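Trainee: Below is a structure I'd like to ask you about.
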Amino acid sequence: MQIKYYQSYFKESLTPIYDAVEAEQLFLIALEEIEGKTRIDLVMNPTMQTDKVAVWESVLEELKQEKPIQYIFGQAYFYGLTFKVNEFTLIPRAETEELVEWIINSVNPSKPIRILDIGTGSGCIGITLANELPLARVTLMDVSDKALEVAKQNAVSNGVAVETILQDVLQLEKLKSQYDIIVSNPPYVRNLEKVEIKKNVLDYEPHLALFVEDNDPLIFYRKIALLANNNLQTGGMLFYEINQYLGEETKTLFESLDFTGVELRKDMVGNDRMIKAVKR
């Protein structure tokens, strides 16, 4: 079977679900994962054949069910690294890369620091920071033992040493160590916003890591900030990914908890997406 057939078939089968550009991107990801080839390879050899017809058909069927392609192949790419992902971990997103970039640019890479990543999931934030800041001592925390196991595997596969803590942060009274940076991408999507969530996220990504009750959507931000009052070094920094609709409310929360230098930033598409606060 010619691979070009699947290029057309992907568009034909998936455009009721995705637009033509997204369908083409999904085909190109599948091309690389299944065949180890790129768009350029296909342009240079348009009659390229495949003997993996069953694999192509299986992938296409799962995509038609709107299963994320990262879960189909079991991996995602983040900040130049490869991360194992499954139904217990969120898929790393480009906006979170912007948060990581902000953290990297906010520290002195020649200074040893301690970093805590709360709600680590796949470990993409903490592991990337450990990779980019070799002198940093990084700890990953999550309430899900299955997510934490994935994070441990990702640390090994990406060649970094991290510590891990299995813990529900909402049940913590005090952290056991002092940190220079605490970062979190906690659950922040309100239940009322489920109508905005695409089926491929709603049906497949872990709700434990996504959703928070409508009556207290900042519960994780408040709890982590209160812990930081005791366990963040003076001048230490809190970084969060946030709900785009609650930027000002989140900023006001940190200002009320006596943090300084509270800064709200937008993501690449102009939505309030991340915030920094400094311990007095």
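Placement of Cβ uses the backbone N, Cα and C atoms for every residue, glycine included.
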Trainee: Out of Asn185, Asn191, Asn200, Asn215, which does TrEMBL tie to the same S-adenosyl-L-methionine site as Gly119, Thr120, Gly121, Ser122, Gly123, Asp142?
Mentor: Asn185
Trainee: Find the one among the binding-site residues Gly119, Thr120, Gly121, Gly123, Asp142 whose C-alpha lies closest to that of Pro187 (substrate binding site).
Mentor: Gly119
Trainee: Cβ within 8 Å of the S-adenosyl-L-methionine site's Cβ centroid: which residues qualify beyond Gly119, Thr120, Gly121, Ser122, Gly123, Asp142, Asn185?
Mentor: Thr89, Leu90, Asp117, Cys124, Ile125, Gly126, Leu140, Ala147, Ala151, Ala209
Trainee: Cβ atoms within 10 Å, counted per site: which of Asp142, Asn185, Pro187 has the most, among these binding-site residues?
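Mentor: Of the binding-site residues Asp142, Asn185, Pro187, the most buried by Cβ count within 10 Å is Asp142.
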Trainee: Per DSSP, what is the helix/strand/coil residue tally across the domain 'Methyltransferase small' (111-196)?
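Mentor: Going through the domain 'Methyltransferase small' (111-196) residue by residue, I get 31 helix, 25 strand, 30 coil.
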Trainee: When you look at Gly119, Thr120, Gly121, Ser122, Gly123, Asp142, Asn185, which the record names as binding S-adenosyl-L-methionine, what is the longest CA to CA distance in angstrom?
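Mentor: It comes out at 11 Å between the most distant Cα atoms.
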Trainee: Using the alpha carbons only, what distance in Å do you get between Gly123 (S-adenosyl-L-methionine binding site) and Tyr188 (substrate binding site) once rounded?
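Mentor: Answer for this pair: 18 Å between alpha carbons.
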